[in-house]
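Here is the structure we will look at.
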Amino acid sequence: MRLQACFLGLLALFVTGKCSYSPEPDQQLALPPGWVSLGRVDSEEELSLTFALRQQNVERLSELVQAVSDPGSPRYGKYLTLEDVAELVRPSPLTFRTVQKWLLAAGAQNCHSVTTRDFLTCWLSVRQAELLLSGAEFHRYVGGPGEIHVIRSPRPYQLPKALAPHVDFVGGLHRFPPTSSLRQRPEPQVSGTVGLHLGVTPSVIRQRYNLTAQDVGSGTTNNSQACAQFLEQYFHDSDLAEFMRLFGGNFAHQASVARVVGQQGRGRAGIEASLDVEYLMSAGANISTWVYSSPGRHESQEPFLQWLLVLSNESALPHVHTVSYGDDEDSLSSAYIQRVNTEFMKAAARGLTLLFASGDSGAGCWSVSGRHQFRPSFPASSPYVTTVGGTSFQNPFRVTNEIVDYISGGGFSNVFPQPSYQEEAVAQFLSSSPHVPPSSYFNASGRAYPDVAALSDGYWVVSNSVPIPWVSGTSASTPVFGGLLSLINEHRILSGRPPLGFLNPRLYKQRGAGLFDVTHGCHESCLNEEVQGQGFCSGPGWDPVTGWGTPNFPALLKTLINP
């Protein structure tokens, strides 16, 4: 009865804050380093806000992901279409109608949804938005490497309690665009260069991972791959062409991107954007490549969220997506994290392979109630994505065995429980590793990552017409691994099989078959007396630094080609 009273008085009460609730009480509101407020936004300025509507049948979706992703299941590879997913998760008519009426009564204009009907994006004036979202106060900020402008609220927002069963969160109020952790390391010193390489290039990758000149796309399938960028960075076609001219001479390749989704700015190219495109297209050589470039970004939109909306609105998508985006798990609200995780489930049900960089801070570190703990990263910690860590050559100038790159992100989620597919591997690591940190530093029952790894140290990149050496980060390893999975998809498609889809259940069931096991090295963590800067260490089998290891392409192809 009380809920009904709240609903009847909805429009009168949302202004006063009575009968209201906070959808994201745990969202971090502190201004990230490098951002500065330029003051309040004019009350008549227009905003674009995204309302995440409560989905139905999420448990059933989870069951279907397991069924289509597990090689032991009779439904393996029988992926859902976007329309199937929409039929399953679309919000109830009551949810859609309730939220739509509320928005229209508040003066929202030009509201549009997606195929799955679980997001509504609307335009409102700042004045309307601040009335609608009690407590919100919109400011303009400038920051990030590109000195970009965003509109966000430094204060939490509330919604009428009658909307609690209908809205997960509102996008466009709090989360700032991430910054790149890619770094250019100093060149290692060496005397004499006979028989040595001077940094990682496509030919070095192809040599290390045992690709031949024939390991390229056939050009005869509808196979495609994509990278997504949210950093207000852009790649230049001319840089890609120059990169392939310098480094792509010994394998067939495409020298231009097939499709750009979103806004390609006219500014300077970014090293991260250049790296993603150049190494996805040289590892997954001669395969049609799409780039998602801050799709549909307005100052008040969250670029990562906009990418998820695009995935929910396109029935034909590339099979493999590589993403170098990450945030500290603890900086994000549980409502947001859980909903984004469901978006990854939707992608997995459709047979998309999502690869995320594991991050460049090792195990991470933060202080909780005066005690140090490791700091997991999201989306790396999602159980529905494949997370890629990083390695270095044992000898930085020779194509040798790989060891841990000390920056390789890895650890255990504080949000997501350990999925069943990895329980055995994680238990084996925890019981056999001689260097497990104190248990107070991590959640041993959480989703553990990364799942795999690849070289992340010492790359050559062409950006703004200049070849740049020694670029390092898991932003490099992720497109490399993604490109190799695209080559495997090519073989699967040519032999009449479905693409790989969500890889993890198969990857763990096969216990790292087709991968080089990385057994030496540890990554960084808290600089204190107790752990002295050391996080987890790699060892035989799976570990939370390099996962199952790095690709041995012919062996990986053999293990993933059937069924």
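Heads up, the Cβ atoms here are built off N, Cα and C, so glycines get one too.
Keep in mind the model is a prediction, meaning the values are calculated, not measured.
Features of the protein shown, as given by TrEMBL:
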ACT_SITE  GLU272  active site, charge relay system
ACT_SITE  ASP276  active site, charge relay system
ACT_SITE  SER475  active site, charge relay system
BINDING   ASP517, VAL518, GLY541, ASP543  Ca(2+) binding site
DOMAIN    199-563  domain 'Peptidase S53'
SIGNAL    1-17  signal peptide
- [ ] Have a look around ASP276 (active site, charge relay system) and count the other CB atoms within 10 A of its CB, chains all included.
- [x] 31
Open item on the list: Spatially, and counting Cα to Cα, which of the active-site residues is closest to GLY541 (Ca(2+) binding site)? Options: GLU272, ASP276, SER475.
Closed with: SER475
Task: Around the Cβ of ASP517 (Ca(2+) binding site), the count of other Cβ atoms that are within 10 Å - done: 18
TODO: Enumerate the residues of the same chain, ASP517, VAL518, GLY541, ASP543 excluded, that satisfy the criterion Cβ within 8 A of the mean position of the Cβ atoms of the recorded Ca(2+) site; list them in sequence order.
DONE: GLY512, THR519, SER538, GLY539, PRO540, TRP542, THR546, GLY547, TRP548, GLY549
Open item on the list: Just to be sure I understand the packing, how many Cβ atoms besides its own are within 10 Å of the Cβ of SER475 (active site, charge relay system)?
Closed with: 32
Open item on the list: Are there binding-site residues among ASP517, VAL518, ASP543 that sit within 10 Å of GLU272 (active site, charge relay system), Cα to Cα? If so, list them; otherwise say none.
Closed with: none
Open item on the list: Quick check for you: of the recorded positions SER475, ASP517, ASP543, which have their Cα within 10 Å of the Cα of ASP276 (active site, charge relay system)?
Closed with: SER475
Task: Alpha-carbon distance [SER475 (active site, charge relay system); ASP543 (Ca(2+) binding site)] in Å - done: 20
Open item on the list: With Cβ-Cβ distance below 8 Å and at least 6 positions apart along the chain, what are the contacts of VAL518 (Ca(2+) binding site)? List them in sequence order.
Closed with: THR391, GLU402, ILE403, VAL404, ALA453, SER538, ASP543, VAL545, THR546, GLY549, THR550
Task: Sparsest Cβ surroundings (other CB atoms within 10 Å) among the recorded positions GLU272, ASP543 - done: GLU272
- [ ] Could you state the whole-number distance in Å separating the C-alpha atoms of SER475 (active site, charge relay system) and ASP517 (Ca(2+) binding site)?
- [x] 21
